[in-house]
Structures are given as structure tokens and as C-alpha cells.
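Remarks on the structure that follows.
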Amino acid sequence: MSIVFALSAISKSFGKNNQVNIIINANLQIKKGEIVALIGPSGSGKSTLLHIAGLLDTPSSGSVFINNIECSATTSDREKTYLRRNFLGFVYQFHHLLQEFSVLENVMLPQIIIGKSNEVARKNAIELLSLVKLQDKLLMSISQLSGGERQRVAIARSLINYPSIILADEPTGSLDNDTALEVFSLLHKYAKEKNISVFLATHNHILAKKADKIVQINSGTLQNYTDY
């Protein structure tokens with residue numbers, strides 16, 4: 001199976017003279033359609049690594065490869081924006097949905113941004129909202145939804161441009177266990193059906209065990225996790 005995403009010798013340091021090492025020489029390959037869970041204690045560098053993976057933060061050294069396109073500290077903001085919009089999907093613990101927009105408009109927005117017509121964007125958004133079982137709430141405002149429903153909207157939005165990989169940073173962290181499992185199951189099912197890769201940072205070991213592979217970060221070091 002082809003590699004669609006890779007981290008190569010990623011390091012990240014902060015502070016005067018880069019004295020504080022957050023990520024130390026992280027290497028990872030994710031195959032097409034593979035779901036990889038990232039676990040580790042609070043403050044271990046999970047979110048920092050996800051932000052670097054999503055081209056939202058710049059590593060001190062090393063490269064990110066997305067569909068064999070290399071991104072490093074010298075990659076332009078314009079190229080990073082292109083890659084984010086066309087190959088990456090994002091789901092966060094705090095969804096960043098637009099409160100003044102309807103459910104349907106929130107999911108349509110990424111397609112409008114890349115130049116799709118309203119008709120095409122609407123059709124694709126309705127299809128995905130049906131997938132996450134929100135077809136009867138298309139015109140509702142975000143404020144009218146429960147926490148679990150909002151995360152389902154966020155998942156639909158992350159899928160709308162058919163990304164190569166979804167980066168999910170604690171996507172169910174604010175939900176109760178039953179709702180978290182329901183939301184993650186929807187993401188897992190669609191990713192497997194469409195052969196989309198997922199890189200998931202989570203504290204929830206029940207969700208992590210549903211991944212194809214688990215990696216652990218501790219004190220900035222990334223390693224395979226085999227203690228199922």
C-alpha cells in the first residue's frame with residue numbers, strides 16, 4: 001500500500017537558544033487508508049506534532065511529506081495553504097464551526113473556498129451530513145446542536161474535499177464515552193470505505209485500540225506502542 005503521509009526526522013524546540021525540546025527526531029509513515037492513533041500524557045507533544053503534521057506549525061528541523069510532496073521550514077505559506085486545502089482534513093476537540101452559519105453552510109464552506117459551485121458544494125455537503133445522520137438538521141444553527149452533533153458536523157466538514165489524510169486532535173475529548181465512540185465510529189467507517197488515512201491524537205485508549213496502529217509520544221520521543 002502506498003505511503004500518503006510521512007514525518008521525517010521532525011524536531012521542535014522552544015526557548016532561548018532552542019533549549020527546550022518538545023519533539024525529538026520523530027519519524028512516521030502512514031499508508032493509504034491506514035488509521036494511526038497517537039497517545040501520550042498531557043504535555044508530551046501530541047498537539048505540537050499534529051500541528052506540524054497539518055502544516056500549522058513549522059518544525060525546527062525535518063520534513064513533512066504529503067503525497068510525496070516535501071514540506072520543511074523553507075516551504076512557502078502559499079504552498080502550505082494549497083496542501084492544507086487540497087489534501088488535509090482537520091477535526092479538533094473544539095470544532096471552530098461558524099455560529100452564524102447553518103449546519104449545511106458550515107460543511108459547504110471548504111468547497112466554496114476552493115472554487116466549487118454552490119450547487120456542487122450543497123450536493124456534497126448533504127451527502128456527508130446524511131452519512132453522519134444530520135440530514136434532518138441542515139438548516140439549524142450550530143448553537144441548536146448538542147456537543148456530539150457539533151463534532152459530527154466537524155467530521156463532515158473535514159471530509160468535504162475528500163482529503164488524503166484527516167488529522168484529528170482529541171476530536172472526542174469533550175464528549176462522554178458513549179458519544180465519543182459513536183462519533184469516532186462514523187469517522188472510522190467512512191475513512192475505511194473511502195480509503196482515507198487518519199492520524200488521531202487521543203487520550204482515549206478505547207478509541208486508540210480501534211486504530212490500525214498505535215504510536216506513543218513521551219518526553220518528545222515517538223515510538224511504536226504494542227501494549228494492547
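Yeah, the Cβs are placed from backbone N, Cα and C, and that goes for glycine too.
Sequence annotations record features per position, and here Swiss-Prot assigns domain 'ABC transporter' to 5-228.
If you look up Swiss-Prot, you'll see GLY40, PRO41, SER42, GLY43, SER44, GLY45, LYS46, SER47 marked as ATP binding site. Under 8 Å, Cβ to Cβ, and six or more positions away along its own chain, PRO41 (ATP binding site) finds ASN218.
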*List, in sequence order, the residues of the same chain other than GLY40, PRO41, SER42, GLY43, SER44, GLY45, LYS46, SER47 whose Cβ lies within 8 Å of the centroid of the Cβ atoms of the recorded ATP site.*
ILE217
